[in-house]
């Protein structure tokens, strides 16, 4: 107990998340022992890949402060997947599909960045607007129909499993998180992101290129959403216009659960990673227990509210 | 006060923004009448007005919220929950007067929940209400049990379809709600407090304004108005479906922003919101009639929000506009 009491900040978050995760797993073990096999682990990691990528972008945008938030991530995932599939259908060489998908996402993110930076719109209003535009266009262009025609080599990547771990998780999610963690902890860019999140005015005064960093982070969040769209295409074998549904809520919850302060400047990507695993384990568990999927959005929403309230309360107790 | 002087004290006083909205409404009507022969009929005009009733009531509340620097994205589903309560009362053969009270009651209750999380819990409004949106959506599904609430008795419909002195009841209720919100905003300390919080919450707190009370009240007022809107919804459609209210929050935010209320808080225009609602509904109805699939509606609304705000941001940079604005 002594060590737990001494834990602070990210380490405390991680310890709490691991505890919660164990509770979820134990609960599931008692309720339905047959769940425990390698296949479930693979499924959980497969689902996690998409949320992890999106949650990473969301987390970085919030971390950089300035009331930063990206509500459009779900729409960006759907739209970049649709754009990539449609451009292959219109004659683009399939080899370029991954590039187009990520690039489309980056462009959508850059639009958010321009609205927030160039036009100085409030992030939550700007990205709320683009959320409806992106997800609406993805639905309206396709009429709601899934776009088939994924090249077989991409399916091989998307559905491949190495020792129970899905290949996209190994080759995309883990490297992205490792890179983000490295950048945050040991480069000037990482220091800048924390500094501008903690106190934007001081960050500007010491000469940190706040606007450029913020624009790049919004674009990065879009690019990661594009990568998540790519994973969904490669895994499901089609581009689905509603694949990003509820991702804005889930990615926000993952970022908040992961210990990133909503005001920015505090938290890390390790917590987000753990929170993603926790959320997806919880969702998969509910699915295995035959609980209707509508419960998922309610539970995730309740978790989000609970985490934010708990954060405020713990701050009050400390002070 | 500055904010009040700049945007007029009169109930219907209009500034440039509101006149241009009126012109935009008229232009849209003319354009759609030329393109579609089905547009300029009295039946269609009634449809547009009918479709605006709920959004007008919700828009009034959203105007207060946005002017205060708040937001509530769960408002559409709040209407859904209130509608379910009203439907249950009607379905059980309850007194239609009880059904009239049920909507605002449920609205007030949910408003207290939202306000507790957002105001007392000090959670940013957008994140808090997004979380509650998820919870409420599940609640709607669970309460409906996967089925529509349909074939409700017409007692409430008959009650609200009457006219008082030749004025339809919905129009009367909207007029009363408008007047009440206008009075609260322009003639009471509450209104001044609200606008001051919108300008700067920190400064408002330091100058002794009851920030928490004012914010709490505003979230509750907005939800009560939504509960009244639910009453009209149930009376008109006599059913409650699973996807009820899913785009209402976006529509309300768009209408308020179109109307010239600043999301940075501190200034608001009620008549602007009314015109914004009408313009939005005219556009949605017209686009449907000229053959644009309804899937495009959220896209149009989203573009309107970003377009209007972007236009304001760009135009503010031109010196001429700044000069005109300073003199207005």
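Every residue, even glycine, has its Cβ placed from backbone N, Cα and C.
Note that the coordinates shown come from a computational prediction; the quantities given were computed from them, not determined experimentally.
The transmembrane segment annotation in TrEMBL covers A:12-31 (among others).
For A:43-64 (among others), the entry in TrEMBL reads transmembrane segment.
The annotation transmembrane segment is assigned in TrEMBL to A:71-90 (among others).
Among the features that TrEMBL reports, transmembrane segment is placed at A:96-116 (among others).
Beyond the transmembrane segment (A:128-149), the same-chain residues lying 6 or more positions past its ends with a Cβ under 8 Å from any Cβ of the stretch are 71-72, 74-76, 78-79, 81-82, 85-86, 88-89, 108, 111-112, 115, 237-242, 244-245, 248. Under the heading transmembrane segment, TrEMBL lists A:128-149 (among others).
Residues or ranges marked as transmembrane segment by TrEMBL: A:169-194 (among others). A Cβ distance under 8 Å defines the sequence-distant neighbours of the transmembrane segment (A:169-194), meaning residues of its chain 6+ beyond its ends; these are 45-46, 48-49, 52-53, 56, 60, 63-64, 157, 162, 203, 208-210, 213, 217, 224, 227, 231, 265, 268-270, 272-273.
Panel annotation: around the transmembrane segment (A:215-236), residues 46, 49-51, 53-54, 56-58, 60-61, 64, 68, 70, 73, 76-81, 84-85, 97-98, 101-114, 116-117, 150, 154-155, 157-159, 166, 168, 172, 176, 193, 243-244, 247 of the same chain, lying at least six beyond its termini, place a Cβ under 8 Å from a Cβ of the stretch. Residues or ranges marked as transmembrane segment by TrEMBL: A:215-236 (among others).
Per TrEMBL, transmembrane segment is recorded for A:256-282 (among others).
Listed as Cβ neighbours of the transmembrane segment (A:289-310) (distance under 8 Å, sequence separation of 6 or more from its ends, same chain) are residues 28, 31-32, 246, 249-250, 252-253, 256-257, 262, 279, 282-283. Annotated transmembrane segment per TrEMBL: A:289-310 (among others), in sequence order.
Most Cβ pairs under 8 A with the transmembrane segment (A:43-64) among the ranges A:12-31, A:71-90, A:96-116, A:256-282 are made by A:256-282. Within its own chain, the transmembrane segment (A:12-31) has Cβ neighbours under 8 Å at 4, 257-259, 267, 270-271, 274-275, 277-278, 281-282, 285, 288-289, counting only residues six or more beyond its boundaries. Here the transmembrane segment (A:96-116) has Cβ contacts under 8 Å with residues 57, 66, 68, 70, 72, 75-77, 79-81, 83-85, 87-88, 123, 126-127, 129-130, 134, 150-151, 154, 214-230, 233 of the same chain, all six or more residues outside its ends.
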